[in-house]
Amino acid sequence: MIVNDFIFAFGICRSSVSLRFMTDTPFSSAKRIVVKTGSALVAENGKPRHEWLEKLASDIVALRRRGLQIVLVSSGAVALGRQSVAGSVANRLDQKQAAAAIGQLRLMSAIATAFEPHDVTIGQALLTLSDTEIRRRWLNARATLETLLESGTVPVINENDTVATDEIRYGDNDRLAARVAQMMGADVLVLLSDIDGLYTADPRSHPDAAHIPHLAELTAEHDAMATGANADAGVGSGGMATKLAAARIAHAAGCSTLITLGNRDHPLLSIEDGARATLISAATTPASARAAWLAGHLTPEGAITLDEGAAKALRGGASLLAVGITGVTGNFERGAAVALKAPSGKMVGKGVTAYGSAEIARVIGRQSDEVEAILGYRGRPAIVHRDDMVLVR
Ligand code: GLU
């Protein structure tokens, strides 16, 4: 794959949905899906909606049987904990944070119960904004979620509401889910809502509003349509405007977004049966979007020089290991963008490094099994993983 002067020929090239052509169902060519469910779906009057969660779990299990990887982003912590703090009036930030501490446990317990009959293990990840916005932390969060997926677990994500205050908050789980989709290279983001998609106006106040089934891009005109579409739902914090904001993040990451009504017998499988939804299809794949980001937006903070063998191996699709490194310049931390250079000094590519410059300097030319002994801990197997690299054409 060619991005400006860079090539990207391997790595995270999962097959991606080309929903623009709509010959298949939205999930048929996807490999990884992020599903987001709102508070109004998982909670009612401060109690978990067990029956609905069972339906959601059984759809997720059905999709997993087809080989799809699913990450669930669920709201509901505040809604399930609020009454234990100060009744339904717990609206102060500290009260909501305390409510989340109580409700998150109830939420996870209800979700675990729903997956129990299927013998599927779930794992909880509570994120704060910096986990997806700071590259060093993003590498950590992504590695953990990858490991959860590889081990057959369904990761269940929420914002870490108990500690996240305004400056460090995503603010709503639609955006959080989009960031997760971006971080994990998901093909489809499903936003399960209390409305079956985007309408030309709020259908509750404009009965003649028309449903929009498919968009290839989002414009200011769509934002204008989205104001107040579920503003009176009362339990969550997202509305159609935040859903479109989330869809924009996903779109830029090569991920399609589906906005649909969650309150159905088959919240996910019904989408394949043609249940009404708005699809905002991606114009590119997650792999191309990531490559374009690496190629275009990252200014190298340092450089790693490779030997001939490593330069060749990278071109063949390998990750960069310590053994192939002959030098490092610059002072950078783990998560930095670095230039990858051939012995001649010519740029081979660019990547996000899993080690800081001081650590790399200590393991130059060493075999992977020596690296752990030298550093005193076991880090990532590669200095720069192939998924985090673009090569110069
Ligand atoms: N993280 C919040 C919760 O679990 C919900 C945020 C949202 O509704 O978007 O209660």
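Indices start at 1 and increase along the chain as displayed.
Quick reminder: no glycine exception, Cβ is built from N, Cα and C everywhere.
Caution: TrEMBL annotation is automatic and unverified by curators.
Predicted, not measured: the structure shown is a model, and the values here were computed from it.
So that you can see what the record holds, here are the features copied from TrEMBL:
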type	residues	note
BINDING	LYS36, SER193, ASP194, SER237, GLY238, GLY239, MET240, ALA241, THR242, LYS243	ATP binding site
BINDING	SER75, ASP161, ASN173	substrate binding site
DOMAIN	302-384	domain 'PUA'
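Summary: among the binding-site residues (SER75, ASN173, THR242), the fewest other C-beta atoms within 10 A of the C-beta are counted at THR242. Taken in sequence order, the binding-site residues LYS36, SER75, ASP161, ASN173, THR242 that lie near ligand 1, meaning a CB under 6 Å from one of its atoms, are SER75, ASP161, ASN173.
Considering other CB atoms within 10 Å as the measure, the emptiest surroundings among the binding-site residues ASP161, ASP194 are those of ASP194. Here is what falls inside 10 Å of the CA of LYS36 (ATP binding site) among the binding-site residues SER75, ASP161, ASN173: SER75, ASN173. Helix, strand and coil counts from DSSP across the domain 'PUA' (302-384) read 26 helix, 23 strand, 34 coil. Around LYS36 (ATP binding site), taking its Cβ as the centre, 31 other Cβ atoms fall within 10 Å, counting all chains. Using Cα positions, the member of the binding-site residues ASP194, MET240, THR242 nearest to ASN173 (substrate binding site) is identified as THR242. A gap of 14 Å separates the Cα atoms of SER75 (substrate binding site) and THR242 (ATP binding site). DSSP assigns THR242 (ATP binding site) to a helical segment in the three-state reduction. When pLDDT is averaged over the domain 'PUA' (302-384), the result is 93.
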